[in-house]
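Note sheet for the following structure.
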Amino acid sequence: MFLKATLLLGLAVLGMHVWAIQMEFVDISKDLDYFVVSVEFAVAWFNSDNTEEQAYKLLEVRRAQQKSWTMIYLMELDLGRTICKKHDEDIDNCPLQESPGERKVNCTFIVDSRPWFTQFTLLNST
């Protein structure tokens, strides 16, 4: 009986370990459609949450990862302050600020994406 209980406990621990490994973030293509939309959401969220008047735009995607078997994306982004205001249109084509106030930031976001519902949730940001 003790041997069976030990074996069962060992299998349960092994199963949890395998499940945890499968739920880790893995590298993905930066061009993956749902990832790109999630990046746009993260940049828009950054601009709306930021107290500055100027808008920031995407400069570079440093890291693109997805949690296995989910639509949860981890992204590390470089953003640059533009000369445009937050609510201006076409911020992507707005020039970067080139003055002593020039500012570039590196941010990490975790976004839960449900694009078929047009629903995105920011789970974490730094």
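Cβ from N, Cα, C; glycine included.
As recorded in Swiss-Prot:
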- Cys84-Cys94: disulfide bond (DISULFID)
- Asn106: N-linked glycosylation site (CARBOHYD)
- 1-20: signal peptide (SIGNAL)
The residue listed as 'N-linked glycosylation site' and Cys84 (disulfide bond), distance between Cα atoms, whole Å: 19
DSSP-derived structure type at Cys84 (disulfide bond), helix or strand or else coil: strand
Count of other CB atoms lying within 10 Å of the CB belonging to Cys84 (disulfide bond): 21
Inter-residue C-alpha distance, Cys94 (disulfide bond) and the residue listed as 'N-linked glycosylation site' (nearest angstrom): 19
Recorded positions (Cys94, Asn106), the one with most neighbouring Cβ atoms at 10 Å: Cys94
